[in-house]
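Okay, structure first, notes after.
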Amino acid sequence: MATTSASKIMSLSLSVFLGLSLFLGLVSSAKFDQLFQPYWASDHFTYEGELLHMKLDNFSGAGFSSKNKYMFGKVTVQIKLIEGDSAGTVTAFYMSSDGPLHNEFDFEFLGNTTGEPYSVQTNLYINGVGNREQRLDLWFDPTTDFHSYSIFWNQRQVVFLVDETPIRVHTNMESKGLPFPKDQAMGVYSSIWNADDWATQGGRVKTDWSHGPFVASYKGFDINACECPVSVAGADNAKKCTSSADKKYWWDEPVLSELNVHQNHQLVWVKNHHMVYDYCTDTARFPVTPVECVHHGHHRH
């Protein structure tokens, strides 16, 4: 996919925005222990220079969480997924707020038997309601090298990216009466666990523990977002993290209110060649097309 002038402009714009000191509230680091901490099974973590390895065995999975909460911006991690037979396992990278009416943006990497493609499932929860799954097969083997997985979030859209290629966009449609996640600060998380009741071929293929332990490796931790004090109310955080006359944030720039032409072409390519499931076209689950699917331009066949 050739780089277009629009994508060059966006890249240049981003670099300019990130380089200006008047853009406030940015947090960015590549070191795990500055941004994150284990929250589950810390004995299943090993550290090797800049690399973090997190393992799943027949005793436990493991997980880590960010030390702070954020609202708007971009979070990225580079992951090398489980090699070989990973059937039954799930490795997740996601953002989530707290409480029963929480918001959540999910990457879930679904393991498979050796030689079969790894799938990535994305989902969004808004005010506690999910059921927005999309699933695609990646266009590379994610177990042989590190690849970057990112979530970009502002008041206009949520974008899921793989190696900077957008694979999903959820647009703000409050004008259509639909809620959009913009008032709850979110933590950043990753975990690895056994989900062989559903993860691989609908649960037909189980985890083979003789092939364990199953290890996912991480590096390149980066959070470029608005840090939110836990003690501050959601509405106040939203105001704090939104541009105004006296402060400007890079994620509010007009060029980032929607995908550019090149990114739209990339998204269409992903959907046409790699998407294997879309809740919007699942008439068995949703006899009536979900309203956001109508406005996102999903077509039923």
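The backbone N, Cα and C atoms fix where each Cβ goes, glycine too.
What TrEMBL records for Glu104 is active site, nucleophile. Annotation comment: TrEMBL describes Glu108 as active site, proton donor. As annotated by TrEMBL, domain 'GH16' applies to 30-218. Annotation comment: TrEMBL describes Asn112 as N-linked glycosylation site. Positions annotated as signal peptide by TrEMBL: 1-29.
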>> Same chain only, sequence gap of 6 or more: which residues have a CB within under 8 Å of the CB of Asn112 (N-linked glycosylation site)?
In response: Ser86, Ala87, Tyr118, Ser119, Thr200, Gln201, Val205
>> Validating a neighbour-count step here. Other CB atoms within 10 A of the CB of Glu108 (active site, proton donor): how many?
In response: 19
> Just counting, how many other CB atoms are there within 10 A of the CB of the residue listed as 'active site, nucleophile'?
Replying inline: 18
